[in-house]
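Feature annotation from Swiss-Prot assigns topological domain 'Cytoplasmic' to 1-23. If you look up Swiss-Prot, you'll see 24-44 marked as transmembrane segment, on the strength of sequence analysis. According to Swiss-Prot, the feature topological domain 'Lumenal' maps to 45-743. Under the heading Zn(2+) 1 binding site, Swiss-Prot lists 87, 123, 286, 287, citing similarity to another entry as support. Annotation comment: Swiss-Prot describes 123 as active site, nucleophile, evidence class similarity to another entry. The N-linked glycosylation site feature in Swiss-Prot is assigned to 195, 293, 320, 406, 434, 536, 737. Taken from Swiss-Prot, the feature Zn(2+) 2 binding site applies to 243, 247, 383, supported by similarity to another entry. As annotated by Swiss-Prot, Ca(2+) binding site applies to 635, 637, 639, 641, 643.
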């Protein structure tokens, strides 16, 4: 019995063991299949990310500058222009030293110190800016998602909709076709399919992100090898990396290697086909990339009834079907979250050029770098931030017969590109844009000879001798001495500004810029300030206002004597016509006298005038001398351009500061012994009597946010700024210099 039991158990044990073994085998095979599947998916994903099929490692056989500019093929008397964009190539990527191909291009060509995207730093707006030279507010593509109820009742994703009416400007391919009739080809560039000008590229295949990079190269080379009558004179091409890797914050270095390999293959193909020295190649990008670390959902803070919300690292709110005002809605989130700025189109800084079009929205919400106004499990990096964020900065490299060798162009904003394209295609000056003609002259082999404009501003009509007419009573001043000074001082005929609408009044070291229509409030003051320890540090204490009887025999009628917009503190600076009664939210004049003597670190202001006055005074102490231009401007339609109509109420206040870090040659006009010693800083502030996001910003943050270029000031104040002793190129760089930090 026991033996039978043993036999039975032995059979069961054997059967059980075989079943277990079979399960192990099946499980193992299943696991192997699963792992193989994961590997395959990984390979497919990698191929999808890069869009390439095992590109060979870069060899750089094309490198070297021995034959630079020596095209050996007939039919290339005018070099074709190839513009190649790598989406999301941050300037920071260059520091990783992975994309050696770009370094080699720069050795034989040119590069930019850095390129600032336009605001917001998104793909669609900036790609269209690069080919139109217009800010997004002007060309219509104000974001990757656009809301325009006149065209469509919902928020539209530009990448999904054939909405040609959204593309309002003329891109370079359209201008070239219209003006020359020659051929243009486009490979996936934003707007190639939808612009409404009527002049489309001759060849523009449908967007296909899966098209392998090798095939894209073959396409470009094939186009360049066409017979001269069929060959495009302009090619624009777009590649979606390294942007996708940047968004995922994974395999960025691997993707940069792919980009490097791609450029190497392209350059080798150009070299092998003897095209390298016959083509002007410009490599650009639209923006950088920022790692995300914070998410805020606007819907949980703001009542969204009747509103349209566009999400992103910049959130935009459109008032659509609501009776609430812009200020009411903005007030629901303004100053409620640390580090979040809530602007309306009325108070957003002019330098962002984001108020002209209704498509920008009514309220623009920005957070600190790393903050997004949406939730995503996969998006670990993004862009769209203010170009003051250095992670948004990007690159430009160029090589070809028209470019100098091993030259760096100073930092610039991407609105400048259009004038470069027009010059390289022989069409300079034919299309208006937001760039400045001549900005890129320093990188070109044969730039045009450009001269400064020598227009001079007229002196205002005068009535006789220069004497002081005191406009408010003050004791202890020697009016005769001041009158003698006005009568005998040298007049400044060589002022650094010109305007056909204005004239100047000479006040010795200073000049008053007056609108020829005396009823118009627009005016400015030029001051040459020198610091001395005996200088009265209070702007208004013991000073008095006056006019020069050479230009006026009566004082202006104002309700206050305190609201001067001059920077100096001496009596000579208290020009009565440099008075304007600012709203209390702009200037609390009764505080200035007692506060200017305090140390900056002990004060935190939310008004504009006080921190600006303190900062100007601080700079004067530090540098010893300052050239200051301050004034009032009118721009009611918020397009950044001075209004033509007469106005008695200014909308903006501006100030330009210029100093020398070395020796001065002149203070008015401001001129340093060495141009490289010149420092310039400009501001444009809205004049508003309402709550703004400035109420919850510290003084330095306010000042930095409302910096601008000198050209921005020129446009809104309706004058031209130029220092005659500087070259045309130096004046352009000075006027278009972008400030990303205070002095």
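Using the three backbone atoms N, Cα and C, a Cβ is placed for every residue, glycine included.
Annotated features taken from Swiss-Prot, shown on the structure.
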| residue | record | DSSP (3 states) |
| --- | --- | --- |
| 87 | Zn(2+) 1 binding site | coil |
| 123 | Zn(2+) 1 binding site | helix |
| 243 | Zn(2+) 2 binding site | helix |
| 286 | Zn(2+) 1 binding site | coil |
| 320 | N-linked glycosylation site | coil |
| 637 | Ca(2+) binding site | coil |
| 643 | Ca(2+) binding site | coil |
87, 243, 286, 635: which of these binding-site residues has the highest Cβ count within 10 Å of its own Cβ?
286
CA pair residue 247 (Zn(2+) 2 binding site) / residue 643 (Ca(2+) binding site), Å rounded to integer, equals 42
Reduced DSSP assignment, residue 293 (N-linked glycosylation site)
coil
Which residues in the same chain, at least 6 apart in sequence, have a Cβ under 8 Å from the Cβ of residue 641 (Ca(2+) binding site)?
635, 715, 716
Rounded Cα separation (Å) that holds between residue 639 (Ca(2+) binding site) and residue 293 (N-linked glycosylation site):
35
Cα nearest residue 383 (Zn(2+) 2 binding site) among recorded positions (287, 434, 643, 737) -> 287
Measure from the Cβ of residue 293 (N-linked glycosylation site) and count the other Cβ atoms within 10 Å, all protein chains considered.
11
Cβ-Cβ distance under 8 Å, sequence separation of 6 or more, same chain as residue 195 (N-linked glycosylation site); the residues meeting this, in order, are 164, 167, 169, 170, 171, 174
Hey, how far is residue 406 (N-linked glycosylation site) from residue 287 (Zn(2+) 1 binding site), Cα to Cα, in Å?
24
Other residues with Cβ within 8 Å of the Cβ centroid of 243, 247, 383 at the Zn(2+) 2 site?
87, 88, 123, 244, 246, 287, 289, 381, 382
Residues lining the Ca(2+) site besides 635, 637, 639, 641, 643 (CB within 8 A of their CB center) are 634, 636, 638, 640, 642, 716
